[in-house]
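A.B. asks: Mind looking over this structure? Questions follow.
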Amino acid sequence: MSYSGFRVMADSTPTLKKRLSGRSLYLVGMMGSGKTSTGRPLAERLGYGFVDADAVIEQAAGCSIPEIFERDGDAGFRSLESQVLSAISQRHSLVVATGGGVVTQPENWGLLHSGIVIWLDVVPDQLLQRLNADSTVRPLLQTTDPEASLNALLNERRPLYSEADLTVVINDETPEAVADGILQLLPSLLQDPTQRRTD
């Protein structure tokens, strides 16, 4: 199920929270797609807890994500990421901002689908603009041609992201507007579970 363009929520948030029955919401998408900035207001509106998986990984490793990549490589980082996701999935009533590459490990999908997976699909031009304005060090973009690297990653991951239960296409909406759009879309998914993972 996909959604683009946001309008006023039809279902009240308390009713929606009850219908979710404690299922966590996992936000997936490329780096810079706004998973953390959208996740916080989404969690606040639902009365859920918020978890930034990358922050938990850094806490567990005792160093930054770029340092983990430098020390342990991509495979080492992905292993730690899966361990952290497994621990997070034991809890409920959370909005979880995941790392951009969490979808690349098949074993993570069983954990993600313990809740509802929401893909924040930012149009490529907007994504590049966001990343250029962001001072965060992105290990996978430390190349001579970051734009080409970003496009290659997006092409590789797009089929994986499309396995999400909900797809929200984002242009230049604010994180708060995206959070409201997700809340507007969720009742349809909960009403008809057969719509999960369809576009």
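Every residue number used here counts from 1 along the chain in the order it is shown.
Glycine too: its Cβ is placed from the backbone N, Cα and C atoms.
The feature ATP binding site is assigned by Swiss-Prot to G32, S33, G34, K35, T36, S37, R138, with sequence analysis given as support. According to Swiss-Prot, the Mg(2+) binding site annotation covers T36, on the basis of sequence analysis. Annotation comment: Swiss-Prot describes D54, R78, G100, R157 as substrate binding site, evidence class sequence analysis.
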A.B. asks: Can you tell which of S33, T36, S37 has the most other C-beta atoms within 10 Å, given these are the binding-site residues?
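C.D. replies: Max Cβ neighbours within 10 Å, all protein chains included: S33.
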A.B. asks: Out of the binding-site residues R78, G100, R157, give me the one sitting nearest to T36 (ATP binding site) by CA distance.
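C.D. replies: Comparing Cα positions, the closest of these binding-site residues turns out to be G100.
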A.B. asks: Can you name the binding-site residues among D54, R78, G100, R157 whose CA is within 10 A of the CA of K35 (ATP binding site)?
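C.D. replies: Cα filter at 10 Å returns G100.
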A.B. asks: How many Å lie between the Cα of G34 (ATP binding site) and the Cα of R78 (substrate binding site)?
C.D. replies: 21
A.B. asks: Which of K35, R78 (the binding-site residues) has the most other Cβ atoms within 10 Å?
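C.D. replies: Most Cβ neighbours within 10 Å: K35.
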A.B. asks: Tell me the Cβ neighbour count for G32 (ATP binding site), meaning other Cβ atoms within 10 Å of its Cβ, over all protein chains shown.
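C.D. replies: Its Cβ shell of radius 10 Å holds 22 other Cβ atoms.
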A.B. asks: Of D54, R78, R157, which binding-site residues are close to G32 (ATP binding site), meaning a Cα within 10 Å of its Cα?
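C.D. replies: Passing the 10 Å Cα cut: none.
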A.B. asks: Would you measure the largest Cα separation among D54, R78, G100, R157 for the substrate site and round it to whole Å?
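C.D. replies: Greatest Cα-Cα span of the listed binding residues: 18 Å.
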A.B. asks: In whole Å, how far does the CA atom of S33 (ATP binding site) lie from that of G100 (substrate binding site)?
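C.D. replies: About 9 Å separate the Cα atoms of these two residues.
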A.B. asks: State the count of C-beta atoms found within 10 angstroms of the C-beta of R157 (substrate binding site), not counting that atom itself.
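C.D. replies: 19, counting other Cβ atoms within 10 Å of R157 (substrate binding site).
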A.B. asks: Hey, how far is D54 (substrate binding site) from S37 (ATP binding site), Cα to Cα, in Å?
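C.D. replies: If we compare the Cα positions of D54 (substrate binding site) and S37 (ATP binding site), the gap is 13 Å.
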